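Student: As annotated in TrEMBL:
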type	residues	note
BINDING	C90, C95, C131, C135	[2Fe-2S] cluster binding site
Amino acid sequence: MIEDSSKFELTEELKASIDKILVEHYHDFTQIVGILLDVQSKIEQHYIPKIVACYVAEKLPVKLSVIYDCMTFYDALSDKPRGRYPIEICDSIACKVNNNEFLLKTLKELLGIDFGTVTYDGRFTIEKVSCFGACDRAPAVKINGIVYGPLKTKAQMRGLLEQFV
Ligand code: FES
């Protein structure tokens, strides 16, 4: 079940993880995208709730609007709850010519969701993203940083989804 992001609790444990990430990045503003990706990876639903964005802004320090600009610009960052396994579907040229439309259509059908929605059990979301450098495995997807592909048949896609229970 997807939680209401306004009710997200910033625990002491999460604060400590964020503090550690900031130290690892030397509180360096130029590493903001890496910082936000690392912070996001600590949250089960792979997004950055407002309370977390505010905490990072205060601690880095940086303006809150800069954090939201990054989340708007980078596909890999989100301010909305995603599935525990967000499926990033490449929509760049090598994947397009290898029929990523079939991949997309089939995943939507198997999962019963569209963009911007989450499966009933909170496991999956699907998102179109730009090339992530796995063009030799087109059409490809990325789930929690791991690339899978080429995915050309419904059976391959079903097998992939079954790995994430
Ligand atoms: S075009 Fe799809 S991974 Fe590069």
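Every residue gets a Cβ built from N, Cα and C, even glycine.
No curator has checked TrEMBL annotations; they are predicted automatically.
The model shown is predicted, which means the values in this text are computed figures rather than measured ones.
So where do these features actually land, and what's packed around them?
Tutor: Taking a C-beta cut-off of under 8 Å and a sequence gap of six or more, C90 ([2Fe-2S] cluster binding site) has these contacts in its own chain: N100, K128, V129, S130, C131, F132, A134, A138, P139, A140, V141, K142.
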Student: DSSP three-state call for C90 ([2Fe-2S] cluster binding site): helix, strand or coil?
Tutor: strand
Student: Around C131 ([2Fe-2S] cluster binding site), how many other C-beta atoms are within 10 angstroms of its C-beta?
Tutor: 14
Student: Rank the binding-site residues C95, C135 by the number of other Cβ atoms within 10 Å of each Cβ and report the first-ranked residue.
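Tutor: The largest 10 Å Cβ neighbour count belongs to C95.
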Student: Could you check what DSSP calls C131 ([2Fe-2S] cluster binding site) once collapsed to helix, strand or coil?
Tutor: coil
Student: Suppose the [2Fe-2S] cluster site is C90, C95, C131, C135. Which further residues of the same chain have a Cβ inside 8 angstroms of that site's Cβ centroid?
Tutor: D91, S92, I93, A94, K96, N100, S130, F132, G133, A134, A138, P139, A140
